[in-house]
Number of protein chains: 2
Amino acid sequence: MEIVNNIDSIRQKLACSRRQGKSIGLVPTMGFLHEGHLSLVRRAAKENDIVVVSIFVNPTQFGPQEDFESYPRDLERDALLAEEAGANFIFYPTVGEMYPQKYETFVEVTELTKELCGRSRPGHFRGVTTVVTKLFNIILPDKAYFGQKDAQQAIVIQQMVRDLNQNVEICVCPIIREKDGLAMSSRNTYLTPEEREQSTVLSASLEMAQQMIENGERDAERIRKAMEELILSKDKARIDYVEIVSAHNLKPVQVLSGKCLIALAVKFGATRLIDNIMVTVAQ
Amino acid sequence: MEIVNNIDSIRQKLACSRRQGKSIGLVPTMGFLHEGHLSLVRRAAKENDIVVVSIFVNPTQFGPQEDFESYPRDLERDALLAEEAGANFIFYPTVGEMYPQKYETFVEVTELTKELCGRSRPGHFRGVTTVVTKLFNIILPDKAYFGQKDAQQAIVIQQMVRDLNQNVEICVCPIIREKDGLAMSSRNTYLTPEEREQSTVLSASLEMAQQMIENGERDAERIRKAMEELILSKDKARIDYVEIVSAHNLKPVQVLSGKCLIALAVKFGATRLIDNIMVTVAQ
């Protein structure tokens, strides 16, 4: 496995593989890899001849009050884990390499980004779609792998790929959880032991919602309220949102029907955690 | 030469050429081809194995009060001219093919587009950069050809290609003029005979500016004023702007130095014409 910092060199190396007819899979990450990321890398390795893991803590997707500076970083450990999982290249550019002087071009998905996380993180998705477009143009992957954990991100990126006719297949992979249910996230390392313990309420609330739906509940507000109540039973939890939306347009539904996304964002101390499940209700 | 309406089919046809190692040149146009366009097609034919001329009157780059509906169209004539000039394909998609239901993704260059035409045509360049990105992703050209006539457009697109790491070389080709100096444009057909006669003042004002600079004038305001005076000597002319800007950031200069763009937009009746010259003044 090779770590490449420079756009021109990764292009050259991949052009060589491409000329040999090799397929390329891209796993875009912000590093500090966990089992969630590694499940993407393993799947990419199964489905492609060459796997590129990009590691780039992308400043344009962080708000001014957010954790860009403190976001955890550990390239050495990431390199070992990525190689073990089947990566051939880590693309690890500097901020200056990705956003040179006088940078001023952005890709924006305008509607889907107004919902859910878009409301509390203005500009976040513009940063994501911009950097992902850049990575697609640099790596030219056949397939790119994203986690269902960032459900809205995956939907926004699929919209962008469709709208801009980008030449890549988007593969969305299941959420990987800790044994106690907490969705894996690099940000989990921020949690104090107490917050960590309380944080299991998030997956528990989603399981409860699923159970309610299996028991025949179709009223979104009743499910939502029950989830909020359970979450707020933990004294460290501050809810950003708990929403039940159509998986197609991310707009809230009143009565569950078709493919719905149940998504939440909750802060424990300064740490904002997200989680979700996708449910399909016969219409 | 072949006319292709459909994104999937043009992709398939070009993938075939690409596999044979053939280079592809793209000339994006809105059709109603004139010698300006044809000079781009001829240059593309010289420099590439395959030339694609796209003809698409792009609704997203027209303002609500602009001439999208009335923009001149003549596919049959365009096809003959493009083939003669060396085109292998005309890509001629419908609006629905390029902007399907629930389209919502846009590419925006934020700073350069605030100047010159960006001021009187809000949203115009967002439409241009979006459709050009789509065309790049569909055609995957090695080189794409744009006219210096649309000087700001060329500069904005070069910025976008750099910022988003798009895999295409941008070639900017000289303005082609009528015998009396008027820069060729599909919109010239809108002019009444009287407006057409008066419109030669635009190129004349640029020539005068060039002459003043050759005679040692370096004060931008004096040149600008003289140009405005000459243009307004024609009673049908209404100035949108006459500006002298740095070719790097499109910001107005006070003293000419380095590479400067002298650009103007003037309305004759309902017809908005643009023209420009690039001058380089020893620093």
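Using the three backbone atoms N, Cα and C, a Cβ is placed for every residue, glycine included.
Given the structure is predicted, the values throughout are model-derived calculations rather than measurements.
Straight from TrEMBL, the features:
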ACT_SITE  A:His37  active site, proton donor
BINDING   A:30-37, A:147-150, A:Ile176, A:184-187  ATP binding site
BINDING   A:Gln61, A:Gln153  (R)-pantoate binding site
BINDING   A:Gln61  beta-alanine binding site
COILED    A:206-233  coiled coil
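For the recorded positions A:His37, A:Gln61, A:Gln153, a Cα to Cα distance of within 10 angstroms from A:Ile176 (ATP binding site) holds for A:His37.
For the binding-site residues shown (A:Gln61, A:Gln148, A:Gln153), fewest C-beta neighbours within 10 angstroms: A:Gln148. Put simply, A:Met30 (ATP binding site) is 14 Å from A:Gln153 ((R)-pantoate binding site) when counted between their Cα atoms. Within the model, the coiled coil (A:206-233) carries an average pLDDT of 98. When secondary structure is read from DSSP and collapsed to three states, A:Gln153 ((R)-pantoate binding site) falls in the helix class. Taken residue by residue with DSSP, A:Ile176 (ATP binding site) is part of neither helix nor strand, so it is coil. Set side by side, the binding-site residues A:Met30, A:Leu33, A:Ile176 differ in how many other CB atoms lie within 10 angstroms of their CB, and the most is found at A:Leu33.
Rounded to a whole value, the Cα-Cα separation of A:Met30 (ATP binding site) and A:Gln61 ((R)-pantoate binding site) is 11 Å.
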